[in-house]
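Data block below; observations after.
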Amino acid sequence: MLSKPMELLRPSKGMINVHPIQRGGILTEEARKVLLEWGDGYSMCDICLEGRVDLLDKPPVKRFKEEVAEFLGMDEVRFTAGARHAKFVAMSGFKGALVVDSLAHYTTYIAAELNGLRVYEVPNTGYPEFRIEAESYTDVFEKVKEETGDYPAVALLTHADYKYGNLADAKKVAEICRDYGIPLILNTAYTSGIMEVSGRETGCDFIVASGHKSWAATAPIGILATTFEFAERVFRVSEVRGNWSGRAFTKKEVALFGCSPVYGLPLVTLMASFPVVKERVKRWKEEVEKARWFVEEMEKIEGVMLLGERPKNHTLMNFETPSFNLIAKKHRRKGYFLYHELKERGIFGVQPGMTRNVKLNVYGLSWEEVERVAEAFKEIAEKYGLEVED
């Protein structure tokens, strides 16, 4: 018996999407135009002479790689299967202890575990701002030295975290790392591609980026940028040789699985969107202004309070919403009521079932759209008897 056809249309079509992990990855018109052209499997390998996607001349991936390195203020770039893969590759060049901020994404921990690194966390300031203080890296470095006899092999800082959208002081952390001689990995999954990020200006040794989170590309694709100092270590080529066949793969980079598995839409959409990405980072100040205005409007609703640093320096935000949670306890749809109320008003992306907290992102929305989202929350609040300031 044939299986029932799967419904593959997105429920968010035509709505304002405020999903916290999707705003920076919404495709540009230029990227949408290449979807059908390059949709076939292995489509970028039509004329592959070097056995590595990053060395292709047609399409010009090799040149693009150089342009991305310049854009990020670094020397060498590789494309990876997401930011999680980029972190794994960066960590593969080190042994010993890794110091990470306590707001790091779970994939940071998994990448460390896969590389056999022992993880030490930098505490945050806790409720309600959860900030990472740069000086705390010094304390943890000394703790590692005291416990192990050696300073950490490498450190990682999440530039903007996925929980609260706090923007960490990368330059200050990099200065501390440089004083200790500890290389720094800067995870910019939620920053580079939507705001200006430069490795030379911050002083970091590695930049990890996410094409599908912040560079308007299809998933999965990440970027790892580094300096000449570390390129050979983390992009080391294969030395294996078959004992019977004598086969060797001397151009294949080990941590990249030989050839980065992004040969198709992820890479070509990244390339197509790049001219727009280079320009849009210059408008970051206005994006932050929208976010700050939105916070003011949301906090006019009874019981709603922003979590994370103030003022906002990023467009991803997390609100504590106990008043909506009280409504959910009495509503027949329980925690799903808010999701459905927003959907009826053309707003999509808030996690279904969640009313204790509301996490969203307004990056790339027009002022009119940001206002519509704020008004939708206010309307829902008033509908259920919550007070809303004028």
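Numbering starts at 1 and runs along the chain as displayed.
Note that Cβ sites are derived from N, Cα and C of the backbone, with glycine treated the same way.
Bear in mind that the values here come from a model prediction, so they are computed numbers and not experimental data.
Sequence annotations record features per position, and here Swiss-Prot assigns pyridoxal 5'-phosphate binding site to Ala83, Arg84, Asn187, Ser210, Gly211, His212 based on sequence analysis. Summarising the environment of His212 (pyridoxal 5'-phosphate binding site), the number of other Cβ atoms within 10 Å of its Cβ, over all protein chains shown, is 25.
Sequence-distant neighbours of Lys213 (N6-(pyridoxal phosphate)lysine) (same chain, six or more apart, CB under 8 Å from its CB) are Ile21, Gln22, Gly24, Gly25, Ala83, Ala189, Tyr190, Gly193, listed in sequence order. Residues annotated as N6-(pyridoxal phosphate)lysine in Swiss-Prot: Lys213.
Classification of Ala83 (pyridoxal 5'-phosphate binding site) by DSSP places it within a helix. For the binding-site residues shown (Asn187, Ser210), fewest C-beta neighbours within 10 angstroms: Ser210. Lys213 (N6-(pyridoxal phosphate)lysine) falls within a helical segment according to DSSP. Within its own chain, Gly211 (pyridoxal 5'-phosphate binding site) has Gly25, Phe79, Gly193, Ala217, Ala219, Ile221, Gly222, Ile223, Pro266, Thr269, Leu270 as residues 6 or more apart in sequence whose C-beta sits under 8 angstroms from its own.
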